Amino acid sequence: MKSTSKILSVILILANTLFLAGCWNYREIDTLRFVAGIAIDKSETGDQYLLTVETVDIKNGGESIMNSNTITVAGDTLLDAKKNMDSISGKKLYFAHARVAVLSQAVAKEGAVKVIDWLARNAELREDIEVLVSQEITAKEILETGSKTDQIISFELDKVMKNQKTIANAPEKELWNLINDLGGSGISAVLPLVSLKKVNSRTLPSVTGTAVFKRDKLVGFLNVDDTRDLLFIQNKVDGGSLVQNGEGDNAGSKVSLKILDNRTKLKPVEKDGNVEISIEIKTTVAIDEIEGTENYIDEPGRLRLEKSAEESMKKSIENVIQEVQTKYNSDIFGFGAKVKADMPGTWKEIETLWGDKFKDIKVSVHPELTIKNSAAFSQPLRIGD
Amino acid sequence: MNKEMITSKQGVYLLTLFMIGSNLFMGLAPAAKSNAWIAALIGTLMALPIIFIYARLLSLFKGRDIFDILNLVFGNVLGKIVALAYIWYPLHLGAMVIRDLGEFFNTVAMPETPMLLPMLFMGFISIWAVMAGVELLGRCSKIFFPIVVIIMFITTLLVIPYLNFAHLKPVMYDGIGPILNSGFDIFSFPLAETVLFLGVFSALKTETSIYRVYYSGLFIFAAIGVLLTLRNILVLGGDIVSVVNFPLYVEVSRINIGEFIQRIEVSVATTFVITDFIKVSVCLYVTCLGISKLFGLKNYRSIVVQTGLLMVLLAYIMYENIMDMIYFAFEIYAYYALPFQVILPVIILVIAEIRIRAGQLQTGKRY
């Protein structure tokens, strides 16, 4: 008797596992359509959002083939557009694997927070999604290149963004980072720019440059070189290259320096009641390419090269800071945040004035370049007779 | 009366898991932003004297639980009236913790599952555990404690690449006021909630020092709490910590190492469930014990199921939405809990000391 009741209870418990397996809203993978990337535009009338998603269509066969597909739907808000989209796409859209979100210029000019909020609040989207601004007229045309190139363009863009650390062409911004920048006091946000480039016969998106924000509104762009300088200031360079013009006999030819390592320190200092920022940049490079025969490898040549590279770095960084101060007046470098962190007492006094003060702040740049090696060759190439 | 025993080690683990409970996942003192870790330290300091009071009460009346103590100190009638407070408080606290779990599952993990369902299952499992007794809870915590610590340890290793020490600066930018305030929040939620262990530690083996158990638990929790709070701030930054509902979960979801180790936030959900289970069970146990003593029942086990279901139902109806829950937990709770956590224990201890000195009470011996 006792053993039967034991067996019965075991059967009961096992039967329960059938009903308790998994979650309530059980979904099979083939009833979902995976979203790889999102593009957000304003409709032509300006009162609606156009939400474009790039979806991954998986075709099974001997080999599973992934196809890119885009859908564009209008809605009063983003959630509204998503809902409208569900009724078109058939399968339910699943956003958890979306890798990039591209904003059009019109959306960014109107205020990024309006769309960022939904991206961040939505529990299905992940916060490490990459956010970009399209330099083209619309954001959706970036994702639409996918169907022409047989690639999931969002995934490619994501890989490009992850590589930015070593090429320093654009500031990488994951969503949570962007939210930090937008919310932090004494720092303005920047986003990477994506544009379409013709490569051979194909049109591909290319991530170069920076979109500059003031508060949450797009105010302008920085080109590739300026972007690299910005990244230098923000201590986000971990690779990339510096191109140095030759001088003396070697004028007209160039030397490429490969950046091995970089460390930047921002130091706010108080001078006669004014806050000044001192930027110390320590960069280690390798000579990677020498055009011509000038000897940059022996000590005198090397020192000359270091010196001139430092010089041009200093000049170009100072130029960028001045450009941003006068043209955009937006503290994208985070000087204010640094003052707040290091001199909280001073920051309390100047916080409210920072918007006006930023454009007049004095910045001094002190680059220090060290050449570590000259790649595989120990001498410049010789040209005999 | 059957006497169940837990060892001092089990007691420490039980206490620690109870304190980790739901609050670590909601973030310790989010209002203090990047200074929350200082607030955690201050909260611990604030808890030192009150924990001394609890331990003193227990060591004065060894082997007796809070309801016996109330009866002895206040007499039969007044003691039973005060006991009502200690029946209501754990019932309400348990319901709050169950609700935390429900909200967690509803917002983060399973948004389309009705909230009642995870809450009900948490209720069932706690009922089962309490039916089995304190001894089982002690043994459970001995198994669960290493699991929780290992998960915390591994996730700490994995977030190292994401640490940004600039988030800590500036220290105490808004002055000491908000930090003291947050320290008080931490004091009441969770540190002084250990007042409930006045009902549990009567099961401790008599030769163990109750002070040691209480303080070891407090210090272990303080270490874990400060570490995790620091981690939250270093990874997310104070501003984000103060706006997200479940910072620890968000923090661990950032982990993405080589595209390979990622999306491991479920591990945090696991510890959430484990510690919530311990906390709910302790609350349920104390409630049942109180009710049984109030009505002079022979055994508390006959009322566990009813009380447990009542707790789940209370959890289900107590707030309209998660905003209410956060508001209550961080704005009101500290003051609401003050009588149970501080005022009553102090009064009980003072009267007990006076009556012992006057020779009216016989202590330290079991019947």
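Note that Cβ sites are derived from N, Cα and C of the backbone, with glycine treated the same way.
Per TrEMBL, these features apply:
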TRANSMEM  B:12-31  transmembrane segment
TRANSMEM  B:37-57  transmembrane segment
TRANSMEM  B:69-89  transmembrane segment
TRANSMEM  B:115-136  transmembrane segment
TRANSMEM  B:143-163  transmembrane segment
TRANSMEM  B:183-201  transmembrane segment
TRANSMEM  B:213-234  transmembrane segment
TRANSMEM  B:277-296  transmembrane segment
TRANSMEM  B:303-319  transmembrane segment
TRANSMEM  B:325-352  transmembrane segment
Are the transmembrane segment (B:303-319) and the transmembrane segment (B:37-57) close enough that 3 or more Cβ pairs fall under 8 Å, when only pairs 6 or more apart in sequence count?
no
The transmembrane segment (B:12-31) versus listed stretches B:143-163, B:183-201, B:277-296, B:303-319, B:325-352: most Cβ pairs under 8 Å:
B:183-201
Between the transmembrane segment (B:303-319) and the stretches B:115-136, B:143-163, B:183-201, B:213-234, B:277-296, the largest tally of CB pairs under 8 Å belongs to B:115-136
Among B:69-89, B:115-136, B:183-201, B:213-234, B:325-352, stretch most in contact with the transmembrane segment (B:143-163) (C-beta, under 8 angstroms)
B:213-234
Outside the transmembrane segment (B:115-136), at least 6 residues beyond either end, the same-chain residues with a Cβ under 8 Å of its Cβ set are 4-6, 94, 98-99, 101-103, 105-106, 200, 203, 273, 276-277, 280-281, 284-285, 288, 301, 304-305, 308-309, 311-312, 315-316
Under 8 Å for C-beta pairs, could you tell me which stretch among B:69-89, B:213-234, B:277-296, B:325-352 has the largest tally with the transmembrane segment (B:183-201)?
B:325-352
What residues in the same chain, six or more past the boundaries of the transmembrane segment (B:69-89), come closer than 8 Å to it by Cβ-Cβ distance?
57, 61, 196, 198-199, 286-287, 290-291, 293-294, 337, 339-340, 344, 348, 351-352, 355, 361
Under 8 Å between C-beta atoms and at least six residues away from its ends: which parts of the chain pack against the transmembrane segment (B:277-296)?
14, 17-18, 21-22, 65-68, 71, 80, 83-84, 86-87, 90-91, 93-94, 97-98, 122-123, 125-127, 129-130, 134, 137, 140-141, 144, 196-197, 199-200, 302-304, 307-308, 311
Sequence-remote partners of the transmembrane segment (B:213-234) [C-beta within less than 8 Å, at least six residues beyond its ends]
8, 11-12, 14-16, 19-20, 24, 27-29, 33-34, 36-37, 40-41, 44, 47-48, 51, 54-55, 149, 152, 156, 159, 162-165, 167-168, 186, 190-191, 194, 197, 201, 204, 241, 247-248, 251
